[in-house]
Each structure stands twice: as C-alpha cells, then as structure tokens.
Amino acid sequence: MLRSILVALCLWLRLALGVRGAPCEAVRIPMCRHMPWNITRMPNHLHHSTQENAILAIEQYEELVDVNCSSVLRFFLCAMYAPICTLEFLHDPIKPCKSVCQRARDDCEPLMKMYNHSWPESLACDELPVYDRGVCISPEAIVTDLPEDVKWIDITPDMMVQERSFDADCKRLSPDRCKCKKVKPTLATYLSKNYSYVIHAKIKAVQRSGCNEVTTVVDVKEIFKSLSPIPRTQVPLITNSSCQCPHILPHQDVLIMCYEWRSRMMLLENCLVEKWRDQLSRRSIQWEERLQEQQRTIQDKKQIASRTSRTSRSNPPKSKGRPPAPKPASPKKNIKARSAPKKSNLKKSAS
C-alpha cells in the first residue's frame, strides 16, 4: 500500500506551490478536516473559487453523511470539494476514482429517492477516472495509521511539512563533512549553466527531511526567470543529497539561480546563491538577455544548416568526370561490305 497520499503516487503534502499564483491552503471545510490530507487548492473539481463557496455547497450533504448511508461518501465529497494539493498535479488536481463515486451513489441513492431526490448531475461518476487507466484516489490507497516517527510541522498557517525522525545512519551525517564548490556569479557561468529559474528570496527555514533530502523554505520576493508559475509566497526548494550545497543560513536575503525538475524547484550543488545586491540582479537580467541572444543565434544556424541540407538532397550536383566515349559504328554497314566480294566471285565462276 502507498503511504498517505501522502499517497497513491508517493506525493508528499509538504509541497505547497500553487497554480497561477494561488498557493495550497489548509483545509477549512468542517466536513473534511479529518481527511488523510490537510491541504487543498481552489478552484476545486466543482469550480468553486474559494473554500467559503465550497462550504456553502457541501453543507447540503451533511444529513446524508450523518446517516452514514455509505462508508465512502464523506471521502468522495471531500475529494471533490477539497481536492488534494500536490506539486506534481498542480494543473490538473487528482480526482476520486470512478469506483468510489459508484459505491457512494449506489449506497445512498435509494435513501435519496425515498425523499424524491436523485444522485446530483454535478457528482456524476461517468467522467471520473478508472483506477487501472488513470490517476485517481480511493480510501484503499491511503494509510491513515501513520507510523509514530512521522509528525507534522506547521511552517505557516497555509503550509504543512512532513518530517521524519532519522535513523542512526542519518544522525551521523554531519554538515561539516560536506565540501561545497563555490560557483562564481559570472556571465560565463550563467551561459554554461542555463538555469531554469532566477528569484530574489528570503530564507525562512532549512530542515532535513530524510537521509538524502534537505528542504529549504524560502519567501519569494521577485521572479526574474521561471519555466513554470512560481507563487510569491513561501515555497520549498529541494536538495536531493545529504549535503546542502550551496551553504545557506536562515533569514538571509539572497538571489538564487537553479533548476526545476518535474515541477519541483531544486537547490543543487551547481546552482548559484548569492547575498542580495541590486547590482547583481541587474547583471542577471543582462546575462539572461545574452543567453537568449546566444540561443537565437544557435537556432538560426541550425535552421540554415537544415535548409542547406534539404536543398543539396533535392538538387544533387552534376558529375564532373570525363566526357562519355563515342558510340561504336553500326555493325550492319560492315556486314554489307564483307558480303560484296562474295557476289562477284559467284559471277566469275558462272562465266
């Protein structure tokens, strides 16, 4: 079984970025506060833009949930009204499985019909994904009895981060043993590294979330470059190593240049972290312009080479060898010439 959807796809709830600038937020819907997940995002699957709107809409099902007509009804409703917020599925939040919807509907619709109600169209099961063919969640995919070594730390009112206690091997990993290479903030470095994001941020917290993972929480102030939307709020930067390189300390105001990987913002050894200076930020903007110019030049050269290659294939060069040899004379004339003397000999003998 997978460990809390925490989850069907090893998705960790500590990640709290948002879509189009909207961060994940703590679940505030009373009916859903005891679900195995504790952060959600809006709009939900029913297009409610705020949790306040979702609360008003979900209240109509409270009596149905209270009579316990189905063991999965509450789970299904919360998966629709307060979907799980995970970094890997920001643009298309995970839906409940079709089988969960069908179980809730089949269990509760007979009772609803007794009061002249039918299963609502807005909760139709037909469009929901099937477990074997798509990404979806069901109660069976979630372990609710988490091990004792797992606890939740509230970093901000709107973000939860999971932390595990370390085993003996992890405790022996001292930061003093790590030797980080200094990356110099130069144009040559910027052009060669081709970073995917550049931000101005303040370091809020640095914490080890496993033997080979360090999470650095930063408060994003300015965004100079990014491949995907970065919210101006607190976001986690992931270091997938036992060493945190480059070294940074909490409460520093810094300029960070690094990479995104599978929608995660990474903080890796070959990335650049410098104390914030206006002059350096202006340089980074100029470096990005040079990088774009360099990439356009490379692209233009590739297009020219491609066109030249296509032209040479369609119009092959003519051969410059020796001229062709002349054709031999027709053999018929030679045959006639040879046969002429034979006729004259026949005439002489006849005479």
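The backbone N, Cα and C atoms fix where each Cβ goes, glycine too.
The shown structure was predicted, so the numbers you read here are calculated from the model rather than taken from an experiment.
Sequence annotations record features per position, and here Swiss-Prot assigns domain 'FZ' to 19-139. According to Swiss-Prot, the disulfide bond annotation covers Cys24-Cys85, Cys32-Cys78, Cys69-Cys108, Cys97-Cys136, Cys101-Cys125, on the basis of similarity to another entry. For 293-303, the entry in Swiss-Prot reads compositional bias 'Basic and acidic residues'. The region 'Disordered' annotation in Swiss-Prot covers 293-351. What Swiss-Prot lists as compositional bias 'Basic residues' is 333-351.
Structure with Swiss-Prot features highlighted.
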residue: Cys32; record: disulfide bond; contacts (Cβ under 8 Å, 6+ apart): Thr40, Ile58, Arg74, Leu77, Cys78, Tyr81, Ala82
residue: Cys69; record: disulfide bond; contacts (Cβ under 8 Å, 6+ apart): Asp107, Cys108, Leu111
residue: Cys101; record: disulfide bond; contacts (Cβ under 8 Å, 6+ apart): Phe76, Leu123, Ala124, Cys125, Leu128
What kind of secondary structure is Cys136 (disulfide bond) part of, going by DSSP in three states? strand
Fewest other C-beta atoms within 10 angstroms, as judged across Cys78, Cys85, Cys108, Cys125, which are the disulfide-bonded residues: Cys125
Here the disulfide-bonded residues are Cys24, Cys136; which one has the lowest number of other Cβ atoms no more than 10 Å from its Cβ? Cys136
How many other Cβ atoms sit within 10 Å of the Cβ of Cys97 (disulfide bond)? 27
Could you give me three numbers for the compositional bias 'Basic and acidic residues' (293-303), the DSSP helix, strand and coil residue counts? 11 helix, 0 strand, 0 coil
Could you state the whole-number distance in Å separating the C-alpha atoms of Cys97 (disulfide bond) and Cys85 (disulfide bond)? 16
Whole-number answer please: how many Å between the C-alpha atoms of Cys85 (disulfide bond) and Cys136 (disulfide bond)? 13
So what's the average pLDDT for the domain 'FZ' (19-139)? 87
